[in-house]
Amino acid sequence: MNKLDYPRRNGTHKVRITILCARNLARKDLFRLPDPFAKVQVDGTGQVYSTEISKSSLDPKWNAHYDLFLGIGDAITITVWNQRKIHKGSGFLGCVRIPAFNIQSLKGAGFQRLDLGKLSPDDDELVRGQIIISLLSKDGPSSGNPLAIVGPSGDVRGPSEDDSSEDSLPEGWEERRTDNGRVYYVNHATKSTQWDRPRQPGVVGSSHATSPQQRHNTHNGNSGDRQAPAGPTRSTTCTNLMNNGHRSRDLSVTASDERRHSTEILSSVGKENTSPTTPVSATTTPGKKTSSSNSSSAGGRTLEQRPTNEPATPTSSTTSASVRLHSNDNHVKTPKHQTNGHAPPESTPTSPTGQQNYVNGNAQNGSTSGNGSGQAAQPQSASNGWTQEDAATTTSPSTTTSPPRHSQSPPTPNISPPASVTPSANGNVHSPNANSTPAGSGGGSRSYTAATPGQRSQRRSSRQQGEESSTRRRSSRGTRNGGTSGGGGGGGSGQRYASAAIAAANQAARPFLDLPPGYEMRTTQQGQVYFYHIPTGVSTWHDPRIPRDFDTQHLTLDAIGPLPSGWEQRKTASGRVYFVDHNNRTTQFTDPRLSGSILQMIRRGTVPPTSAANAGTPAPPSATPATPSAAAAVPPQATPASNATPTTLTTTTNPPHRIVPDLPQGLLEGADLLPKYRRDLVGKLRALRTELQTMQPQSGHCRLEVSRNEIFEESYRLIMKMRAKDMRKRLMVKFKGEEGLDYGGVAREWLHLLSREMLNPQYGLFQYSRDDHYTLQINPDSGVNPDHLSYFHFVGRTLGIAVFHGHCLDGGFTTPFYKQLLNKPITLGDIEGVDPDLHRSLTWMLESNISGIIESTFSVENNSFGALVVHELKPGGASIPVTEENKREYVKLYVNYRFMRGIEQQFLALQKGFCELIPSHLLRPFDERELELVIGGISSIDVNDWRNNTRLKHCTNETTQVLWFWQVVESYSSEMRARLLQFVTGSSRVPLQGFRALQGSTGAVGPRLFTIHLTADVPTQNLPKAHTCFNRIDLPPYETYQLLCDKLTQAVEETCGFAVE
């Protein structure tokens, strides 16, 4: 996995993409398999990641994730390459392009299997196979992607508890595969085919022994031969990315996107919490969706209809809800079966207009799924668990009580719920009485619920939990039905989702990863994370997944582990704990370590069924009244995990909230206000030091012995021989011929002397940014030294050693250099401090009309060792004139050229050495000016701060020698003060916290202040003595001010070395 990190642009959201694996890649060599790797790119932003190389495989597995920063119009392109042939230009294996308008639909939907396509329609490369990915929003706390297992045919599932369900087939059945590898089953007794694996007779609740009546349903009178399903439709796990058949494939999200079985990723579930279930499938017409959301009282289900302006899919998409069955007198009445059964792949005739007509065998009427109108009133089939007679008395599919009976007729597309639910104008959802709206009533249109993002994510979470008994074969996914299923792949999809609705009610299922239905996580402009309830418009600091009476501080460190990288724990003025995310510069009350499993544990152990947190909004009454028989049918453990979270709401009038300029409504009502994210540089540095300390080995030393005369070359040879982990060990430096023992002071002096040599422009590695400004930039002509890239690698390692061990370098770079080190783009404003004249010229060009004034082209002349070299800013730029239309492009290219002119290789070598010690993600909280202070410290010296943070030993503030000492310091120039500070501490730079944070001996707890020690027993002819490891200067008791001034100046300017008298 790449270690690259890219800066976050304004207005972007963070999305984590997981590249799980690829399937059935094209084999282009006869004797060897490819070495595939995948490349992820955000178009137009420069964000590029590459997976590791999978050796010799047509089904590579990477399981790598990357965090992308996506804007509103950003698209994602994923390409697969063969590393063996990429250098020959023939390693392309396929690509997938996910446009911006589909990214939102795929976020949180689990793993998706996408077909690979060509880069352009003119490509002759053979492309085949699929890639399996997932997208997950990372702007809020999440538990990450669940585990996944890819079957031999490319289907994705969670780790099943066992493979006991794959028993031998019943007598008369045979397993076959289609040309594309999909498994289907042939019943030789009835001469029929089906996708779902049949069960042995006698299995409770899921028996698939077909009765004669059922066999009549599944038998096609025209299929006398035993062939594979003719022209099987593509599985709904595959998303068609073809655009006009050839172009780079854009993802086309259909109504079945949220019902694909590839999203059924789950953790293994204990067997003791499972029980037989029977599917109650509900089928929708193309272009419409059905949703299964939990009611707060009896788990009522609402139906969602996609707006008619969304594209309709050419294949049927089916959903289903699972019902936990119990013995009861209320049985679901099964309508008469159809007499014209269909084979699974072909069940939907097509109208001349290109729309698919779905035939209901009960009413013998066809309905066209074009615009949602003209739907005939039809009784419900038993596969939906509803009939026209009992629709008014049964509450919801999740509370239906009936014996395990199945109707083998193809699913009918039209569903009439017992209670129509419609959204009100203000966003709240209201529902009429179930009895007042009989199922299947005429009218031609159906009302629908406006599903919020939180509801969609909850439904996706429910589907992930529900597949407890999934196995490796696609046909055996979910609770199986022995009959045929209509709608091609859609019919199989409906039965695969047979246990989706019970997932949220199963306490043993994997805990949900997203927020409860109706909730959304948002961030204020000041970086404060809060939760917004969409139906009521109420905002709160409190995470709705955590009970209000639960204190997360009760959890031990062993249970939740340490804070993630870049996070810090603080407390408000009232003592409430909150957390600071330095990576994204946000604050929140929710502990980022609370994963889904911990949240599930909290809810199970401490939350009564009626007291789940809902962010201060009372749970509304259920939209569907529950009958006593329906309520009794719900077992105690079937209480939804988020039962107090509103999912369907009655029509209410929201009370007016006071409008706060900088905070949403409702956030000031609580007792504690979440602090804003502050640009606390000291706090960031403290967090960085904590992270670096965890990376430092507990034993061993990084030993360097160099001479003062050859400090540059000897340091270069020693450091370039070391490994990165050796440089992270405790640094110990010794100068040859000196007796100084390094407790930090010798290392500071070594870095001070080395940085002055290393950054000296006379060596040709760096140059001053301009004549009157002594900031440094990389010299584009450093190539005169054939080993210059190795030296830049050494410079990067030296910068990393200084930062890792808490030291400062004596030298400063330009602001664009630090921005490049942070992987931030360079803008026109960055050039002002480096070249003011050029900045004024380019700014005037942007603000003025240059037509007929400037005759420049997209090329620049550069003087390299006396020779004029023309550099084209873009291909063919010498012949492209700069006009009013393209001047902004010219300025952008020119600014990039000004700072990257001939230094790309040098900077990459330097950055490589730096990142070997300091991972780039640790520097994300810092900007370029803060990084400058981290590397170089503060060059200006504040005498008052120095005096106020000085410790006195064997003297007081009123001692004569101490008063004289400060008089001498005040009389010194800035350069002499820096040399005095370097003489005493080993470094001429002040830490960014000031003199109160001067670092003392290595391993000391806390800082060590500057110390003046008056040595009374030392002759006054001696010079002052410095102890750099302890930041201490020993002053003899000089008799006069002038003597003290002369001796101190002589010691600063002329002494050199340790233990030298």
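For all residues, glycine too, the Cβ spot is worked out from N, Cα and C.
Owing to the predicted nature of the structure, the values given are computational and were not obtained by experimental measurement.
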Ser56, Ser262, Ser445 - the residue Swiss-Prot records as phosphoserine: Ser262
Which candidate, of Thr348, Thr412, Swiss-Prot gives the annotation phosphothreonine: Thr412
Integer mean pLDDT for the domain 'HECT' (723-1061): 86
Most Cβ pairs under 8 Å with the domain 'HECT' (723-1061), selected from 1-116, 513-546, 561-594: 1-116
